[in-house]
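Undergrad: Pulled these from Swiss-Prot:
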BINDING   GLY43, PRO44, GLU45, SER46, SER47, GLY48, LYS49, THR50  ATP binding site
Amino acid sequence: SIMKMDGSQQEENLDVISTGSLGVDLALGVGGLPRGRVVEIFGPESSGKTTLCLEAIAQCQKNGGICAFIDAEHAFDPIYARKLGVKVEELYLSQPDTGEQALEICDTLVRSGGIDMVVVDSVAALVPKAEIEGEMGDSHVGLQARLMSQALRKLTGHIKRTNTLVVFINQIRMKIGVMFGSPETTTGGNALKFYASVRLDIRRTGQIKKGDDVIGNETKVKVIKNKVAPPFRQAEFDILYGEGISWEGELIDLGVKHDIVEKSGAWYSYNGAK
């Protein structure tokens with residue numbers, strides 16, 4: 001199809017789904033993750049990738065959205081998801097056997113037009129069928145990258161047409177023999193880097209302690225790529241174990257940053273009230 005961009009065909013306002021973190025929504029520049037686009041969230045282990053996605057699912061469901069979670073890692077915890085505000089009984093969950101099956105399910109869900117948000121957890125766990133059926137130790141060079149490249153070529157058109165948000169969670173690997181620059185890379189080849197409109201790098205920066213007990217993680221998110229707003233913005237927030245993103249803590253930190261809340265020592269005050 002061909003059309004004139006006179007406003008009759010194209011909506012000017014971008015449809016977004018909140019991440020559940022005020023700081024990340026602000027860093028994204030449009031108030032959330034853009035619908036009709038591919039998003040990649042990557043980081044080291046236990047950095048909060050799945051937590052951020054579950055928080056976004058909870059926000060989407062709050063606004064009446066229908067979400068699907070493709071759990072290729074077979075590590076979905078419904079109890080934890082429920083604590084984060086996810087309506088587990090309304091969530092479509094798939095635990096596929098192969099990478100091909102996972103991406104086929106993703107494509108079917110997107111094409112149906114009845115789903116608002118699909119999360120794939122994770123790209124690293126999308127194992128090609130040939131590798132699963134082969135022997136341990138067999139070499140399957142570039143199979144996963146080819147699989148991702150083909151899937152994304154097929155998916156992007158459907159994603160745009162049905163205005164679905166598709167989030168891929170990804171893990172980090174080290175490149176061998178890198179002398180200069182970062183040795184870190186993400187799995188699954190280069191296709192996802194190109195097709196993703198937004199790429200978020202999430203890292204654990206410290207621990208939150210209550211006495212001697214560790215009760216959460218300090219987390220930093222960098223917007224590495226952004227096609228819908230200026231990139232390279234950052235957000236910092238706390239993830240409390242069993243509770244998710246600390247909304248109150250984030251609100252106070254943002255208040256201090258914008259001089260709405262005053263900080264003196266360990267005390268915070270707003271309009272004179274501590």
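In case you wondered, yes, glycine gets a Cβ from its N, Cα and C as well.
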Undergrad: Please list, in sequence order, every residue of the chain apart from GLY43, PRO44, GLU45, SER46, SER47, GLY48, LYS49, THR50 whose Cβ lies within 8 Å of the Cβ centroid of the ATP site.
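TA: Neighbours within 8 Å of the Cβ centroid, excluding GLY43, PRO44, GLU45, SER46, SER47, GLY48, LYS49, THR50: ILE202, ARG204.
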Undergrad: These are the binding-site residues: PRO44, GLY48. Which one scores highest on other Cβ atoms within 10 Å?
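TA: Of the binding-site residues PRO44, GLY48, the highest Cβ count within 10 Å belongs to GLY48.
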Undergrad: What same-chain residues, at least 6 away in sequence, bring their CB to under 8 Å of the CB of GLU45 (ATP binding site)?
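TA: Set apart from GLU45 (ATP binding site) by at least 6 residues yet with Cβ under 8 Å, we have GLN171.
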Undergrad: Quick one, of the binding-site residues SER46, SER47, THR50, which Cβ has the fewest other Cβ within 10 Å?
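TA: Looking at the binding-site residues SER46, SER47, THR50, the Cβ with the fewest others within 10 Å is that of SER46.
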Undergrad: Once near-sequence residues are set aside, which residues in the chain of GLY43 (ATP binding site), 6 or more away, have Cβ atoms under 8 Å from its Cβ?
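TA: Listed in sequence order, they are LYS49, ILE172, ASP201, ILE202, ARG203.
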Undergrad: Around LYS49 (ATP binding site), how many other C-beta atoms are within 10 angstroms of its C-beta?
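TA: Total other Cβ atoms inside 10 Å, all chains included: 22.
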Undergrad: According to DSSP, which of helix, strand or coil covers LYS49 (ATP binding site)?
TA: helix
